[in-house]
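Enquirer: Swiss-Prot lists 1-18 with the feature signal peptide. The domain 'Follistatin-like' feature in Swiss-Prot is assigned to 28-51. Sequence annotations record features per position, and here Swiss-Prot assigns disulfide bond to CYS29-CYS40, CYS34-CYS50, CYS52-CYS82, CYS56-CYS75, CYS64-CYS96. Here Swiss-Prot flags 46-98 as domain 'Kazal-like', drawing on sequence analysis. Sequence annotations record features per position, and here Swiss-Prot assigns domain 'EF-hand 1' to 142-176 based on sequence analysis. Residues or ranges marked as N-linked glycosylation site in Swiss-Prot (evidence: sequence analysis): ASN142, ASN173, ASN178. Residues or ranges marked as phosphoserine in Swiss-Prot (evidence: similarity to another entry): SER163. Annotation comment: Swiss-Prot describes 191-226 as domain 'EF-hand 2'. Annotation source Swiss-Prot lists domain 'VWFC' at 231-285.
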Amino acid sequence: MWKRWLALALVAVAWVRAEEELRSKSKICANVFCGAGRECAVTEKGEPTCLCIEQCKPHKRPVCGSNGKTYLNHCELHRDACLTGSKIQVDYDGHCKEKKSVSPSASPVVCYQSNRDELRRRIIQWLEAEIIPDGWFSRGSNYSEILDKYFKNFDNGDSRLDSSEFLKFVEQNETAINITTYPDQENNKLLRGLCVDALIELSDENADWKLSFQEFLKCLNPSFNPPEKKCALEDETYADGAETEVDCNRCVCACGNWVCTAMTCDGKNQKGAQTQTEEEMTRYVQELQKHQETAEKTKRVSTKEI
């Protein structure tokens, strides 16, 4: 019998202590604001501090976070943000809608201006590192001489560097060529070739897709600022990275040119597959390029008039 009374007494003491701690915490934390996902706690020294909420109330009011994750309520979202140290906001009320997965092949592999400029920056950095100042009794190598050396090493004898020769030149430096935008290595290899083409286009004054030494020198001149080219379509101009669609194919603006996929449409796009042949797709891309050329000619004429 006495054991039963002892147990009841211990429970009563524990309850009293808990009540006292709660009153003490309420008093210490009365003027402390911790923000969403955090709550005030009392340290061993009796000082207030803000910690992530230990447990949220289980009421159901689902919300979708900006990270694409569904939470039971607002409290759980802010608690997760606190625990992970990340910024998560309420995107909308309710469960997150399932996002349609986009196949990697849904977008064409392209070299954006940022990719082109990054490759160019790395090449210039590599070449500048090979500059040797003149010594007391020896002659060094300046930037133009270093470029001349590489130009002659990779030129096949026609005094021009085509895209394959330019690519071989760039491949001499691991850091310069190591552009990895895509998870697939084959796509990254294709990207390097496309960015080399984009570099050639920068200074290819006679549009023969080959660079003379003077064009090569201009392309990699550290003081040269590559222009930001836009794509034209239906009297509108689009910035680098802009996209448009035709049936199930996607076209992307990259370095001033429209680049499109050439997928065979099926399912809901079956009609497109039946009506649009490969030849028609080619014509569509050519039409995009004509819009681009027309816009550039108009721009040049306007510049001359000014």
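Cβ from N, Cα, C; glycine included.
Quick one: where do these features end up spatially?
Expert: Mean per-residue pLDDT, taken over the domain 'Follistatin-like' (28-51), amounts to 82.
Here the Cβ of CYS40 (disulfide bond) has 17 other Cβ atoms within 10 Å, regardless of which shown protein chain they belong to.
CYS34 (disulfide bond) is surrounded by 17 other CB atoms, counting those within 10 A of its CB over all protein chains shown. DSSP classifies CYS34 (disulfide bond) as coil under the three-state reduction.
Same-chain residues at least 6 positions away in sequence with a Cβ under 8 Å from that of CYS52 (disulfide bond) are, in sequence order, GLY37, ARG38, GLU39, ARG79, CYS82, LEU83.
Counting every protein chain shown, the number of other Cβ atoms lying within 10 Å of the Cβ of CYS56 (disulfide bond) is 17. Secondary structure at CYS56 (disulfide bond), taken from DSSP and collapsed to helix, strand or coil, is coil.
According to its DSSP assignment, CYS96 (disulfide bond) is coil.
Sequence-distant neighbours of ASN142 (N-linked glycosylation site) (same chain, six or more apart, CB under 8 Å from its CB) are ILE131, listed in sequence order.
When secondary structure is read from DSSP and collapsed to three states, SER163 (phosphoserine) falls in the helix class. Listed in sequence order, GLY193, VAL196, ASP197, ILE200, TRP209 are the same-chain residues six or more apart from SER163 (phosphoserine) with CB atoms under 8 A from its CB.
Note on ASN173 (N-linked glycosylation site): other Cβ atoms within 10 Å of its Cβ, all shown chains, come to 15.
A sphere of 10 angstroms centred on the C-beta of ASN178 (N-linked glycosylation site) encloses 11 other C-beta atoms.
Broken down by DSSP into helix, strand and coil, the domain 'EF-hand 2' (191-226) contains 20 helix, 1 strand, 15 coil.
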Enquirer: Apart from its near flanks, which chain residues at least 6 from the ends of the domain 'EF-hand 2' (191-226) lie with a Cβ under 8 angstroms of it?
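Expert: Those are 109-111, 113, 115-117, 119-120, 123-124, 127-128, 143-144, 147-148, 151, 158-163, 166-167, 170, 177, 179, 181-182, 254-255, in sequence order.
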Enquirer: Using the alpha carbons only, what distance in Å do you get between ASN173 (N-linked glycosylation site) and CYS96 (disulfide bond) once rounded?
Expert: 46
Enquirer: Looking at the disulfide-bonded residues listed here (CYS34, CYS56, CYS75, CYS96), whose Cα lies nearest to that of ASN178 (N-linked glycosylation site)?
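Expert: When the Cα distances are compared, CYS96 comes out closest.
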Enquirer: Using DSSP, break the domain 'Follistatin-like' (28-51) down into helix, strand and coil residues and give each count.
Expert: 1 helix, 9 strand, 14 coil
Enquirer: Three-state secondary structure of CYS82 (disulfide bond) from DSSP?
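Expert: Where CYS82 (disulfide bond) sits, the three-state DSSP reduction gives helix.
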Enquirer: What is the separation, in Å, between the Cα atoms of CYS56 (disulfide bond) and CYS40 (disulfide bond)?
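Expert: Cα of CYS56 (disulfide bond) to Cα of CYS40 (disulfide bond) measures 14 Å after rounding.
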Enquirer: Pop the Cα-Cα gap between CYS50 (disulfide bond) and CYS29 (disulfide bond) into the table, whole Å please.
Expert: 10
